[in-house]
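Undergrad: Dropping a structure here in structure tokens format, bear with me for questions.
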């Protein structure tokens with residue numbers, strides 16, 4: 001009875017408010033004029049967020065009839081909070097753009113017209129999302145993402161902000177928990193979604209053109225954004241590189257003094273550096289090999305054809321940012337020392353990087369490397385002799401009153417000096433934000449600690465010294481990088497230690513601790529020493545406080561096959577259970593885990609062998625840059641590889657001089673006709689002296705007054721005959737003609753009897 005009355009009361013309670021709401025809604029929907037004889041009064045609708053969003057979602061423009069009158073009569077606007085989605089701050093305009101039907105939504109022009117008549121058009125168009133995921137996104141972003149150029153044009157004409165930044169969590173990089181990073185700006189979104197028509201409109205419209213130089217909150221330009229979305233697939237690389245060149249050239253026209261490719265982000269990285277750091281090999285290769293034949297934009301090229309003869313090309317590669325000689329961070333250093341990318345060995349094989357490293361090796365790195373190998377081996381031999389012939393009588397520091405002792409003192413000084421050298425160099429590299437060489441740093445610390453203990457008179461210096469000696473000899477593996485055979489072997493050792501052995505030890509230690517805990521618990525407890533005096537039994541007959549550590553050692557011996565089961569069973573309280581546990585331990589560790597380790601190591605060796613050449617080149621490149629970094633900046637410049645070449649004219653009409661590296665290539669697949677070459681004459685003569693390689697073209701002269709007698713001249717030949725004309729003392733002319741098979745490309749001529757004023761000239765014979 002009480003339940004029925006309660007139910008009736010609830011129904012009455014909710015019934016009357018519902019009726020009142022419906023009645024008030026109907027009264028507010030239609031208001032009739034009471035004047036007789038007047039025309040039928042207009043119908044005034046009531047609009048709320050739900051009705052408005054429903055109308056634009058269905059693209060029903062008729063459902064918006066009366067919206068303007070309602071807003072004007074109630075002094076409301078479409079950007080009021082009551083018309084926004086509470087969670088995101090989304091207005092009806094983004095809602096309409098998100099619900100297109102065959103690329104159209106007829107309510108969008110109506111909404112813009114209403115906003116314009118209510119005096120808040122620009123604010124209505126540029127109202128951003130405010131939630132954490134889509135914060136900053138505007139209607140223009142949505143129109144671009146939906147690839148609706150007509151609505152993009154309409155929004156820009158009506159005053160859309162072409163520099164609005166979408167900074168929500170959704171628009172962050174994937175490694176930071178986001179989904180799609182495009183550079184925040186509308187122009188970057190159009191570029192990253194492969195919409196060249198949209199890019200043209202945003203940058204060229206007469207209402208408000210997007211600034212190509214604009215950067216997002218990370219300092220990234222549209223070029224940085226394109227590099228970020230590259231994924232090294234063929235289709236993606238094709239569209240990214242095409243869009244990259246389009247934007248680069250487009251920016252150079254209105255802003256001739258700004259090279260968009262040189263703009264750095266907040267991390268101090270250009271698009272090229274970012275491509276190297278992120279491992280975007282397709283974009284990276286395109287940037288460093290970019291060749292633009294258009295004269296107006298040729299200054300944006302990084303590759304220039306010096307000359308061509310049939311399938312033979314002599315290319316000049318701009319080394320700016322690639323090889324900076326320590327003045328700033330170079331792309332080469334990013335590739336070599338950035339261990340986060342897995343394909344960096346593939347990127348080092350891209351020309352001109354590969355030939356650049358080879359030239360560095362031949363010019364200075366090879367000699368320096370072999371000197372370093374010899375010096376280090378001599379140092380370690382001296383260290384070994386010092387440790388082996390150390391005095392066994394007395395306390396340190398020992399007297400140096402004999403010839404043998406004085407020789408030992410010299411060896412100790414050399415050893416300590418090596419420790420100081422490695423310590424100082426590692427600290428300097430670390431302070432310069434360069435990677436720390438862990439092995440050599442630990443070696444130097446051990447040597448210095450051992451020396452300090454020795455001078456303090458502590459005999460324990462020997463314990464530290466032997467660890468330093470062992471680590472020092474292990475560090476000789478570093479020098480195996482110079483040779484392909486030994487370099488691959490050292491890489492295998494590193495990968496096995498870091499990858500396979502670490503995983504094995506992690507599982508093995510857990511097994512060993514677990515079984516040791518169980519087995520030690522089965523041993524009988526040793527009696528109190530006070531009761532049995534010196535006749536107390538010890539492990540393995542019973543267990544005491546030191547039994548656990550000793551038992552761990554015995555289990556390890558069993559694993560490698562040198563343990564004894566009989567000794568371990570002596571103190572077992574339940575021998576059968578003890579034996580069962582021991583057998584299962586041996587099966588799991590000796591039989592299973594060790595064989596798994598062997599299989600994993602075999603797999604690692606196989607993987608390294610497949611890519612041995614490329615992986616070794618990475619180690620080889622690391623060695624070259626380590627040697628180069630050990631030189632002061634002024635010395636690096638003198639060892640710099642390349643030449644200063646005039647590649648054309650700059651925008652100001654002056655010669656465009658750049659430091660370039662020459663790479664000769666042969667392409668039989670196609671011979672270009674429109675080459676855009678710098679020089680018509682393909683002949684090049686290279687004079688080798690004083691670590692420089694100046695080049696002569698046909699008709700140019702080189703004064704040879706500083707040359708020594710017997711100087712060799714190396715000539716690049718593309719024809720069958722080369723003629724050398726040598727004029728000495730302006731009195732007589734020596735002519736040397738040499739015929740070659742067409743397949744030969746080089747020849748040499750040794751010049752003798754050089755006077756103080758000698759001009760060496762190369763001429764091609766007339767055809």
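Every residue, even glycine, has its Cβ placed from backbone N, Cα and C.
Bear in mind that TrEMBL entries carry predicted annotations, made automatically and left uncurated.
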Undergrad: In TrEMBL, which of 526-550, 551-575, 576-600 is labelled transmembrane segment?
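TA: Transmembrane segment, as annotated by TrEMBL, spans 576-600.
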Undergrad: Same chain only, please: residues at least 6 beyond the ends of the transmembrane segment (409-429) with a C-beta under 8 Å from a C-beta of the stretch. Say none if there are none.
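TA: Contacts with the transmembrane segment (409-429): 379, 382-383, 385-386, 400, 435-437, 440-441, 443-448, 451, 468, 629-630.
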Undergrad: Among the recorded stretches 364-389, 461-480, 576-600, which has the greatest number of Cβ pairs closer than 8 Å to the transmembrane segment (501-525)?
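TA: It is 576-600 that shares the most Cβ pairs under 8 Å with the transmembrane segment (501-525).
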Undergrad: Residues of the same chain, at least six outside the repeat 'ANK' (135-167), with any C-beta under 8 angstroms of its C-beta?
TA: 91, 93-94, 97-98, 100, 103, 108-109, 112, 116, 121-122, 125-129, 184-187, 189-190, 193, 195, 197-198, 201-202, 205, 207-211, 214, 216-217
Undergrad: Give, as a single whole number between 0 and 100, the mean pLDDT over the domain 'Ion transport' (372-612).
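TA: Summarising the domain 'Ion transport' (372-612) by its mean pLDDT gives 84.
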